[in-house]
Amino acid sequence: MESFKYCFDNDGKKWIIGNTLYSGNSILYKVRKNFTSSFYNYVMKIDHKSHKPLLSEIRFYISVLDPLTINNWTRERGIKYLAIPDLYGIGETDDYMFFIIKNLGRVFAPKDSESVFEACVTMINTLEFIHSQGFTHGKIEPMNILIRNKRISLIDYSRTNKLYKSGTHIDYNEDMITSGNINYMCVDNHLGATVSRRGDLEMLGYCMIEWFGGKLPWKNESSIKVIKQKKEYKQFIATFFEDCFPEGNEPLELVRYIELVYMLDYSQTPNYDRLRRLFIQD
């Protein structure tokens, strides 16, 4: 008879643990609910209790990504869904803590323009919601944007940032330790500033460029060269797109999106509707 490793979450639900999906700062395991099914439809993210990012992520799921709040927000705006995973379990042992979400599929790699436009709208909707709750995601990059059954999901809420202090938008200060993939990092983050709303949207823009078939010209460069190029390209957007799309096939919607995002001040509220309309197809 086959033996299984298993654990219980804080609600007493039993989870059967499968193979490792990823091992880094945290570990991801395939998990399933019962012994009769052979499909591992869920993912467990587990780490030592001393690892603060996972604790922050769990707290963010509980306090900010509340299903009732999300449902009310989307219903008021006539939005089908946000790219936010549902939380299925939280648990802890003496030394470790974990949470469980659905297996959300693979990294989004679009095969047609329609799926790109839909993903852009969904991601703008999702960031607008997160920002409306007083936070930024802080780590928008392709590895954190997944797709399964044509549904986009944004994962990894371990680097979220509070936008307000005592009701006032945080000041721009270059006093943070940077983290994340330098290719998609916003300029503010490169310089040590907390990611604000414009930073989330800037990082999404770099993802969009690749989704539309372009390339980021600073890939494979050192971190110093990457930030230098990004700062220069913000001043010369036409040159930026010439280098991203050498064949001259850059979508005008994407160019306008980047222009609008680059014009935002650090504490400015973006015009999400204007950004969204760029990618809504009739």
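Note: Cβ is positioned from N, Cα and C throughout, glycine not excepted.
Swiss-Prot has this to say about the protein:
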type	residues	note
BINDING	Met1, Lys30	ATP binding site
DOMAIN	1-282	domain 'Protein kinase'
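The average per-residue pLDDT of the prediction over the domain 'Protein kinase' (1-282) is 94, rounded to a whole number. DSSP assigns Lys30 (ATP binding site) to a strand segment in the three-state reduction.
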